[in-house]
Every structure is written in C-alpha cells, then in structure tokens.
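Colleague: Under the heading transmembrane segment, TrEMBL lists A:12-30, A:50-68, A:75-96, A:102-126, A:133-152, A:172-192, A:224-243, A:300-319.
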Amino acid sequence: MKPGSLSTFLRTGAIWAFVLLELAFFGIVGDMVSTSNTPFLAPDNLLLTLKQAAPIGIIAMGMTLIMINGNIDLSVGATFALAAVVLLDSMSWPFMAAMGDWAIPLAWFFALAVGALLGAINGLIVWKTGVDAFIVTLGSMLGYRGLVFMYNGEQPTSNLNWTLVDFAEAQFLGLHTPTWFLLAVTLFMWFLSTKTVHGRNAYAIGNNREAAVNAGIRVGPHMLINFVIIGFLAALSAVVFYSESGSVNPNDGQLYELWVITAVVLGGTKLAGGSGNVISTLGGVIAIQVLRKGLGHMGAATETVNLVIGLILIAVLFLDRQLNVKGREALKT
Amino acid sequence: AQQYTIGITQNNVGVDSYQTTYEQAFIAAAEANDDVQVVVLDAGGDVARQIAQIEDLIQQQVDAMIIWPTNGEAVIPAVRKAFQEDIPVVITNSNIAEQGFDFIRSFSGPDNITQGQRAAEIMCDRFTEMGIEDEAQIVQISGQPGYTTAIERAQGFEERLPEVCPNVTLVETQPGDWNREKSQQVMEAFLVKYDDIDGVYSGDDNMGVGALNAARAADRAGDIVFVGATNFAVGYEAMEAGDYWGSIYQSPVDDAEAALQTALDILNGEDVPFLNYFDTPKITQDNMGEFTKPVF
Amino acid sequence: MTAPALRLENIVKTFPGVRALDGVSFEVMPGEVHALMGENGAGKSTLMKVLGGIYQPDEGRIVVEEKPVTMRTPMEAKAQGIVFIHQELSLATELTVAENIYLGELPRRRFGLVDWQTLYARTDAILKKLKVGFDARTIVGSLSIANQQMVEIARALTVDAKAVIFDEPTASLTDAEKSVLFDVIADLRGSGVGIIYISHRMEEIFKITDRISVLRDGSYRGTVNTAETDEDAITQLMIGRSLDLSRNTVHHELGDVALEVRGLSCGKLFQDVSFSVRKGEVLGFYGLVGAGRTEIAEALFGLRNPSGGEILLNGEVVRISSPHDAIAKGISLVPEDRKGQGLVLGMNCRDNMTLPQVDDLKAGPFVAEGAEVAIFDQYRDRLDIRTPGWRQTVGNLSGGNQQKIVIGKWLSMHPEVLIVDEPTRGIDVGSKSEIHKLIRELAAQGYAVIVISSEMPEVLHVSDRIVAMYSGRIMRTFTSEEVTEDNLIQAISGIRADRDAPVAEPA
Amino acid sequence: MTEASEKTPSTGSAARGGTTAATPAGGLSKAGIAGFLARQGILVAFVLFMIGFTLANERFISPDNVLGVIRSSAILGVMALGVTFVVISGNLDLSVGSMMSFSTIVVLDLHDQIGPGLAIPAMFALTLCLGAFNGFLVGYLKLNSLIVTLGMLSAIHGLTLTWSGGKNMDIADKAGTWFSVFGQERVLGIPMPILIFLLLASLLGIMLAKTPFGRKVYAVGGNGTAATFSGIRRARTVFTCYLISAFCVATAGLLQASRSLGSQNTVGQGMELEVLAAVILGGASLLGGSGTIFKTVIGVLILGFIQNGLLLVGLQFYVQYVVTWVIIILAVWLDIAAKRGRLLSPIA
Ligand SMILES: Nc1ncnc2c1ncn2[C@@H]1O[C@H](COP(=O)(O)OP(=O)(O)OP(=O)(O)O)[C@@H](O)[C@H]1O
Ligand SMILES: Nc1ncnc2c1ncn2[C@@H]1O[C@H](COP(=O)(O)OP(=O)(O)OP(=O)(O)O)[C@@H](O)[C@H]1O
Ligand SMILES: [Mg+2]
Ligand SMILES: [Mg+2]
C-alpha cells in the first residue's frame, strides 16, 4: 500500500462504512423503539430509501462536479422549482394538450431545456463577470425563485397526468423509476468525471485554477458546461419527482441546496475544489436519507432530526480533519 | 376490540402553535384509546418528504392513514397508492384537490370557505355597526401562497364580502405566509401606502396580530377593524384588550380528535360523511365570553 | 545564417499605471541557451508571459521562424511550439504526475475520453529521461517541492518545442536535480530548440548560457555573448553599478549568548540540534532544500512543537508556544514565503509593517495611526523601499520591495533575535546586496541574527559562523576562518570525512 | 483602489527614493471616476434608487416611510453588522437566522419565568454560547465555516423547537411590561430600533476601522497565515468575530421580541441569506479582508428600500427577489470590474 492510500481509502470508504453503521443502528435499536411492525431493514424499505433519495441525489451529482470545479451552486432549489413549473404548465398549453400523451416527452424536453438554460445563465455570469459563483448563485437563487412566482403568481401549478404518474411509479427489476434515474446519472457523472478530458480538466481547474489557465485550459467554458450540467440535473430531478406528484408550489425546493451540499460534503468532496467523487456523494445522499428515515422510524420529532443532522455534519467535518491532519509535527498556523 | 395502527403525516409541526397543539392532542387522544397505536410523522412543510412518508406508511402496512397535506394536489398520486393498497385515507385540516376525492374516504377538518365567508360577515357587520359600510376600505393578508387553507379562506372572504357589503373595497392582498413578522412588514407597507384603512382581514390570528402590531406602532390601530381566523391565544388576548375585533374559533384539539375519530369510524366500518366538517363558529369581542381562551 | 527560432519586436505592455515592457526586442536562435536577466520587476516574467500567450502585448509583434504570429491563449502559444516553465509552481496537486505534465492537452480518444495508456506511456518515457524516482501515476501533492519542480520541467519535453522558457527553474532544486536539468537543457539545445533561461544566479548563467540579454525598467539594455563578459559587466548593465560580493571578514564585538538551543528535535523534521548565537553575531544556516532549516526556525518561532530538547533565551529555558509568544520574548522571523507567510497582500504598506505591534501602538483604545506612519517612514527611508506612499497596497509592489517591507516589519519590533529565512530568494543582485549590508548592520547594532540560505555566496558573505545541515541534523559548525566552499559542500551533502557517497534527498 | 492607479511605472530608478505618483497624464480623470465608482458605486446605486422610487411614488420619501423602512430594516441590519466581522475575517455565518429565532424565543420564554431584567442577560449569555461554539469550531478547530454554520443552522433550529415545544411564545402581560421599550418606544421621535442599530453600527464601525482588533480582523481575513506569522492569534480573532456576530444576533432577537412581544419559531428563518446579501451588496468580499461597516449599512438600507419601494409602486413581493438578484450581481460585478480595470473577466 502506497503511503497516503490508507487515508484516501478512509476518505472515500468512510461514508459507506457510515451508511452500514446507520443501517445496523436503525435495524437493531430502531426496530426496538419503533411502533411499526415492519423491520427497518426490510428490502422494500431499503428500495424505497433509494427512491426517496433520488431527487436530492440527482442534483447532488451535479453539485459534486461543480464543487470539484471549485464553484458552488446555491440556486438549484429554485431551478428545480422553475423546471417543475414549466414541466407541469407546458402540458396544459393548448397545442400540447391536443397532443395527448405525446406531450409528455415534449414537456420533459421543455423542463430540461429550461434547467440547462438557467444553469447556462449562472455559468455565463460566473465566466464573463468573474464574480464568485457563491455570490452569483446566491443572487440567482433569489432571482429564479422570483421567476417561479412571477410565472404563476403565488398559486401552485398542477397537471395530474396519470400516464406520467404510472411511468414514474413503475418498478423495473424491483427498482423504482427515480432510482434508475439516480443510478444512471451517477454512472454517467462517474464516467464524465473520471474518464473524460472535460472531467479531468474540471479537477485541474478546481485544484489550481491558475495552473489550469497557464496550461491553456479554457476555464470559462468548462465552468459553463458544469453549470449547464447541474441546471440540467436539477431539472431532471424535477422531472423525475413532479412526474409523480403532478403539482408544484412556488416554494418547493427551498433549502434543497443545503441538503444537496450537505450530502456532497458528507461524501468527502472539498469545498475548496479539486477533489471529490460522485460515488462517495451517492453514499452521502443515501446516508442522509437513511438517517432521516431511520429517525422517523424511531419516532423522532422534526427538531431532533434537525439537531442530529446538523451535528453529524459538523462531526464528519471534524473527523475528516483529524484523519487528514499531519500529526504533532505539523505547522501550527 | 381489534388493535389498529394508524399513521399520520402532518404538514409542518413547530411552524406555529396550532400544528404543535394538534400533534399533542392527536397523540393524547391516541394514548387514551387502547385500541390504537399511532405512527406520527411530520413533513416539515416539504412535499417530497410528505410523499416519502406516505410511501413509508404504506410500506409499513398501517391500517389507516391520516394526511395533513402540504400541497393539496401533489399528494394525490401517493394517496392513490394507498388507495390501491386498500389503506383508507383521511385528509385532515386542509383538503386535497377534487381529482383525489376518489382515493380518500373522508376529509375531516374545518370548512375554510365557510370560514372566509363568516369572516366577511363579521367584518361587514362591524362596519354596519360603525356606519361606514358604504365607504370602508380594507386590505387582506393571506396565508402561505399555494396552501389550500389559505386559498379557500381568501376565496370565501372575497366571494362573500361583495354579497354582504357591496360598497366595501378590498384594495390590496399580500401574503403573510402564516407568519407574524412577515405580516407585520406587509402591514407596515400598507399603512404607508394607504391613508385610509378601515379593516384588515388576515388568514389567521397570528398574522392578524402582526398587522395589529404594525398599526399600533403607527398609532392607527384604533381606526382599524381587525378580523382574522383560527383564533390563537394572542388573538383572543388582543380581543380582550379591545384591539382586535373578531375571528373564527377553531380548536386544534377538536381538529385532531375529529381526524382520529373519523379514521377509527372508518376502520370500524361505520358510515362517515365524505366531508366531515367540525364547527368553527364566529367569535367577536361581543360573544367571546362564550369561548374559553385557546391554549395555543 | 539560420533564422532565429523566435523574435520579439518592439513589445510594449502596460498595466494600469505601470509600463512593464517598453519596446523590447529580443531574439533566440535555434540551439541557443539565451539568458534573460534584470532586476526584480524589470519585466522578465511579463515578457515571457507575452510570449506564452498569457498576456497580449499592447504593441509589437512576435515572429516564430520568420512567421508573425498572434497568440491569444497559452494553448495557441503551445501550438506555435513555445513551452513555458513557470517561475511559481503551477501544478494541480491533487492530480497525477501524468495529468500535470499533459495539463491542458491530455491525449484524447473518441467522445472526449482520456487516452490513459498513451498518457502514462508518454509520461513514463519523459520521467525516465529526467531520472526521477517517481512514476506517472503518483499524486503530485505527495512529492517534495523539488520533485514538483521536476514535474514542471518535464512539461518542456512533451511537445516538439521550438522554444522553451525556463523562468527561475532552479530556485528550489538540489544540486543533483540541477545537473539533471542542465543535461536536459543541453539535450534540447542539441536538438535545435531555442531556450530562454531566466535566473538571478550568476554561476548558472555562466555555466550554461550562450548569450545574455538584459532588461532594465521594462526596456531592453542589450545582448552580450556569455563567453565575452563577466559578472561585473552584467551587473553594471542590470543595475548601473558594481557590487561587492566578497566574503565577510569584519567581525563585531560579540555580546552575551542571546539564544541557545540544546538537543532540539521535532519528529522526523530535525533531530538533536544544538547551537547558540551571541548578540552582535550573524549565524548562517546552510544546507540543501529540505535539510530542515526552515523547520528549526519555525520551532523557534513557536510554529512547531519540538518533540525534545530545550531553548534558552538569555540563559533561561523558555517554552515558545506560538508566534505571539515568540514575539513577546523578543524573537522575530522573516519567513521564507513572503507572499504566503510574510504579507497580507491586500493591505497597505504601513499596516503590513506595523502588524505585529498593532497592539502596542495605541492611543486610548485606538490604533495610533500617526505613530504607525512614523514607523513606516523611518523604515522606508532606512531600507530604501520604493513605493509612492504608505497607502500603496503591498501586492502592487515588486518582489524586492515586498521583501523589504517584511524585513522592516520585523526590524521595527527591535527583536533580540532576528531569524531571516531565505531573505533574498528571487531578489535581484542590487536589492540582495542592500539586504546583506543591512543584515551586517543589524549585527553591528547588537542584534543576534540567524540567516538561513540556500545560496552559498550569501551565507559566506554575511555570516560570522556557519551551521551546515544535512537531513535534519547539524553536520558541523564552521567559523568564517575555517570554512571553504569544499568543506561546506561536503558537510551539507552528508559526507563526514570518511563516509561514502551522500544519500539522496530524505523521504 | 485608487492606489493602483497611482502606481509608479516601474520600481526602477525613475521612482528611486521618490514618493510621487507618475500617473500618465490624461489617465487621471478617467481613473478618478472609475476609482470613485469602484469605491462608492454602491452609494451611487443607492442614491439612484431613492430618486427612482421617489419619482414613482412621492410617499416613498416621506419621513414616516423612511423611518418605517429603517426601523424594519434595523433587525436585519443589526445582524448584518456582526456578519460583516465574520465575513471580513474570511468566514461565513449561515447560522444567524436560526440563532435569531433561538434568542427571540428564549427571551420571550424567560421573560415570563424570571422577568425581563434577568431574561435579557440570560438570553445574551445563551446566544453568546452558540456563537462561542461556532467560533470554537471555525477558529480553534479550523473547520470550514460554510459547513459548520450550515450544520448549526439546522442544529440550532432543532434546539429552538425543543425549547419552545414547537409553540408560539407570547408574553402574558403585554401591557404591563417595560420589555417593549427596545422595540416600540421612540426617543426624540426616533424609534428605538433605529437608535440601537445606529449606535451599534457606530460602535462596531469604529471598532473595525480604528482599533487593533479591527486591524487584526482584516489581517486574518486577508491572509491568515501571514497574520499568524505576525503574532496575531488567528483562532482568537475568528472566535471573537463569531462572538460579535452572536452578540448582534442576540440584540436583533431582543429587538424582534420586544417589538412584537411574542413570536413563532419560524422568526428569522432564511434571514441568513438576506443578511449575507446585504453584506455582499455592501462590497465585502467573501474571500475576506475587505468590507466596512458603513458599506454594510448602505447594503442593508438598499435591500430595505427596494422591498418597500416595490411594495409602494404596487409590485408583488416576489418582484423584489428578481430585482435583488440583478442588483447584487451588478454591484459586485462593477466593483470588481473597476478594480481590475476591465468590464469582462479575463478568464478564457
Ligand atoms: N498583473 C499585473 N498588474 C500590474 N502590474 C504588474 C502585473 N504583472 C507585473 N506587473 C508589474 O510589471 C513589472 C514587471 O514585472 P515582472 O514580473 O515581469 O518582473 P520580473 O522581471 O519577472 O521580476 P522578478 O525577478 O522579481 O521575477 C513590475 O513592476 C510588476 O510590479
Ligand atoms: N509537499 C509540500 N507541499 C507544500 N509545501 C511544502 C511541501 N514540502 C515542503 N513544503 C514547504 O516548502 C518549503 C520548502 O520546504 P522543504 O521541505 O523543501 O525545505 P525545508 O524543510 O523548509 O528546509 P530548508 O529550509 O532547509 O530548505 C517549506 O516551507 C515547506 O514547509
Ligand atoms: Mg519574474
Ligand atoms: Mg526552507
């Protein structure tokens, strides 16, 4: 084993160990406390967990890439909502309504296109103005949310299409449609980030932006592409989720950015950029969902869930630091 | 008797006292009844989480399910799943959209349209008493946008007002999000914008008191008739103090007990009305003696 | 006569308020090693960045093999066959060596996929040529600074270059690596590549270059054949006067022992280090990069926890827990990395200079700004810091002047013990001699000074005694009478009188 | 950054020993305007806004409205003062919204249990403990502040709900308590929240600009390592910034509680981002090392007046979101564009 690979293993493998720990805890302690008569570890329950992790998970894959690239996107919740509004509203446009169920793929396309467009706006602003992505997306988080409201006043936008619902609720090989989407996106993003030139350049840019510039990597377009990807994925998440639920409140998706970032950070991706991987992010996403569900299973109240998730986030950060610290010899700055 | 497991997923406990008191009352009622075990979940205001909780309850094969929807339409497919699994569903407090009616057994809760109508009547009666029913101008502070209760109350109020007081004008409506501080800000802006405000209708008393605070700070509270809904303790106190005119008396304890009872009735094979409203009477400074002070 | 590999004609480049290049013309022949010299801030790096496609010239043109070219990006420069090895390490430390060497031009397969096989194969071939001890898949962050520099240098070998630019490549290389580098340069030259070599180290310039061009204040001062000139002439051209680079022979009255260190160790970084410095004495620390000198300084300054041994100040054992503590006890450190450790680049000159004593300069609860300005003015005059005024943001000063701000910052504290780590790294000869003079003056005033340096002429020039370190241990302490270049080199290479060949860089 | 434009052409003999600026003739006035806009762009934007809204609705500038806006911005503003310290020190504090609901709920609850005289100091102490925890994690343990305070946002919210049991908190005897002075009284016709806001802003503004501590905050945010090498105790400085932030949050909670004498648990939720928006609008860099209290105050007022102005011209509340978006991006963009001397970023 090469020096450093142990800590690398801990960093990448730790989240899965944590997931197993959670499963064991809720499987044993949870079942003792719980009033429910089905065990927490029932296969159906685990499959549901995956399905329910999908909306956050799909966005988290995009956020991983954005954070590897050295940026952050706070506007994903609003993009999610706006794409959902477009998805559901477009199906009731006269020409679309006339198309019957053929309107569905078109509506999906519209929603995904809007997501990609919103991402592109963020990306372009970050690229062309040089304003930090945190600020740009903090702004568009407000702005896009405003657009959601302006689209349909303060009313929910609804379109319940049972064909769509049936598709979204379907199970194939035991896995739900959203789970398949989550896995497909994970696989795709894994491929993109580890195998393609774009992906490797994204790491290089996040790791040392100046070096990347000096080496002739065009930083701007890469960032733009990544913002388009996360916008697209936020919209895909909306497509997957709202195909099933059929109605979006203008406030939906609020705080999603925080959940997504939490999942990505639990998965070990550094905010500073340059490191992280989507497989660990998947672990982070599942860890949160299991935690939430397990606490619910035990009958914990909302406040307890908040408290626990907040403290776990801090604890993970602390442990990560302890694992990576160079020991007593380190420079004390 | 048979032992039933009933699951409930609530909207957003902790966001205000009504929902918290509801939850406590619900748990208390369930504990008092040896025949039921309850699984109590809270969606925290998030539709996705609520849908997940409905799925969980289905997966846990509860005998009946009570849902306080975060969005009256978005939960319909999830409710259909419960229906397909033969789990009876009771909607509580705030109804789902009509498309979902086929999949639920009953709605148990207040009649929010009627509440809005009654609030319009309270307001109109008061104006008539004061002799300003022909020129009064009012503003409305509505609840959380997109939330069925907020929509229905506003709808009832806006429909009824012109019927009883055709000359009263509703000059503007802004949402206060069921939030006292937000409502206070909205009212501050109204006070600047309009020199003449005779009445404020708020989607609940929590927001109503926020508006009252704003008017007090501007020394204009005395000129304004405040009417709300869901009489919170703060609203009751403000009525006692003579600052707040009227509201709708709605008890979360009644609400919770009615929901549980409806579910039990269904499980016991009894007939329950599809729209199972519990009564929410008018309360004003004139008749408040008939009501006990709300505990929330 | 063959055509030049590269020609720059009348290049002008201005930054807001600064004319960094003022009509520079300059050419490199194929198979020539061409040195570019000049004071700090003369415009060398800027000129090379224009060549590398990083900056666009305001005027003038670039001609490659008799064809005028425009290069808007580093990519385009590379496409023209111009390779740029940067002054500052420019690496993505989380990525592999191979990815870094081919940064920006990873070999591709279809669909934008990386061709890993080709990448690793090519990289390993290059690394073999460089005789380094790591492979293509190593993560760059796990390499020593010197090895990282070698990765940087490896980039020169990736393309069919017409011209390769080395901007101060040797600043952190050991002698062994330096000679590998010089071999590489010789190879490149042999295959007809034009090489531009920037360095402040005269001995290298005279060892490997064919011609020398000199810049001064952004303008071109002429080109001479290396064989036909000498250090003094070049210095004249660069700064307009000659310098005295002799050994230190003057000794001051020495006072009591100010600082004594007994058996100090810090894990693997250094072990069993003992030495003392007297008031009025300059103690030099010489060794290869990585010998652990900086770490000793950091331990003395409370930045590292020693794992054993003791430190005595004026005869009393002290425990130094933090820089704050060290300063209170009269120790100052001019750190090695002025941008990272020495300065708050976004702050103005005055505030940087008074930062360590801001708690002491008070008028009531407030900072006494008048007193601060007085301190700044005093040290600006004394150190000849060139800045329009104290309001100037430090980041806008040239490297040498930034270094003087750092030195001023610590002098104004009137420390009993002053430690300076690589005080002239990246500093031009003119400023260097000013700093050396200053160090001698300080000793004369009764300071105890420790000078850490990787440049032999520097330690020889300023020190009263010299400590030679190798791999975390003190090999020998020389007085200025006994030291010679030979015995010093032996000591820092780990050779004791009778031992075998030195061990390579410690892991 | 006028300094940049005064920079000498080179560091060579031209400027030897000299201190005069050798600015190319003709460039001066242009650089002057650009420099002025860079420094004061936010003020200019503010003035333009005020003029625009005044033209649209003459009530906008009425003393009542102006006082009203400042009063309702005061709570946000007080929080922004503290966050300014944290941001200049190079960190973030996303927990201020949650923390504000905590202090509001706590002081209201304690008011009826131990009386206002004890409730206020007790609430300040508890809130400072939360700030100290943030400061310990970020300052001493050096954990990433974004994540730490994100975790604290969630955790403190849980704490608040646990404290209140999810119920609204109301003071029983609203008419009989002197507790309302902070939120409702006026002094010389000026509402107390405004006075407290301005007083705190002046104190903290002077502290940041004039005292050694303020200097250290800038140094730590500008380059933490260099600050440590200069003997500044970085951890302690960061810790103190979080304490100041918590103190401001506690003050905001006091104003909030005193203003309405009752509250929901949701009070303050989401305010962290509004606060951050105000601080950024004021021109503080999230990288740390720059920003001033005065500019933050301007940022706060801009947000407040936009909100109020849009309401007055009859636009829906959500239009404000879009406007705020555009303004934040423009303000920050122009600020950095002026500093780098070109509009578009040089990123390829
Ligand atoms: N991006 C920039 N903005 C403003 N001024 C700059 C910039 N880059 C360089 N300068 C200025 O241009 C001049 C030339 O700098 P350059 O880096 O080329 O010097 P150099 O000869 O490489 O010096 P050194 O030996 O210290 O590396 C200096 O005065 C420097 O301050
Ligand atoms: N892998 C690394 N990554 C980042 N910084 C490093 C790394 N290795 C060393 N450094 C830093 O670079 C500088 C030079 O370090 P190096 O280890 O090469 O020499 P040193 O141990 O400081 O000893 P000396 O001063 O004798 O050269 C030091 O400040 C050191 O802390
Ligand atoms: Mg240079
Ligand atoms: Mg060193």
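Going from the start of the chain as shown, residues are counted 1 onward.
Each residue, glycine too, has its Cβ placed from N, Cα and C.
Remember, it's a predicted structure, so these values are computed and weren't measured experimentally.
Explain the structural surroundings of these features, please.
Modeller: Counting only same-chain residues 6+ beyond the ends of the transmembrane segment (A:12-30), those with a CB under 8 A from a CB of the stretch are 39-41, 266-268, 277, 279-280, 283-284, 286-287, 290-291, 293-294, 297-298, 316, 319, 323.
Sequence-remote contacts of a segment are chain residues at least 6 beyond its ends whose Cβ falls under 8 Å from one of its Cβ atoms, and for the transmembrane segment (A:102-126) they are 71, 73, 75, 79, 82-84, 86-88, 90-91, 96, 132-133, 136-137, 140, 144, 161, 163-164, 167, 223-236, 238-239.
Long-range contacts of the transmembrane segment (A:133-152) within the same chain: residues 66, 71-75, 77-79, 81-82, 85, 89, 118, 121-122, 125-126, 223, 250, 254, 257, each at least 6 residues beyond the stretch ends and with a Cβ under 8 Å from a Cβ of the stretch.
Here the transmembrane segment (A:172-192) has long-range neighbours at 47-48, 50-51, 53-55, 57-58, 61-62, 64-65, 198-199, 229, 233, 236, 240-241, 244, 277-279, 282, meaning same-chain residues at least 6 beyond its ends whose C-beta is under 8 angstroms from one of its own.
Listed by sequence, the residues of this chain that lie at least six past the ends of the transmembrane segment (A:224-243) yet keep a Cβ under 8 A from its Cβ atoms are 54-56, 58-59, 61-63, 65-66, 69, 71, 73, 76, 79-81, 83-84, 87-88, 108, 111-120, 122-124, 126-127, 164-165, 167-168, 177-178, 181, 185, 192, 198, 202, 253.
Outside the transmembrane segment (A:300-319), and at least 6 residues removed from its termini, the chain residues within Cβ reach (under 8 Å) are 14, 18, 262, 265-266, 288, 291-292.
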Colleague: For the transmembrane segment (A:50-68), give me same-chain residues lying six or more residues beyond its boundaries with a C-beta closer than 8 angstroms to one of its C-beta atoms, as numbers and ranges.
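Modeller: Distal contacts: 76, 80, 133, 175-176, 178-179, 181-182, 185-186, 189, 192-193, 199, 202-203, 206, 226-227, 229-234, 236-238, 240-241, 256, 259-261, 263-264, 267, 269-271, 273-278, 281-282, 284-286, 288-289, 293.
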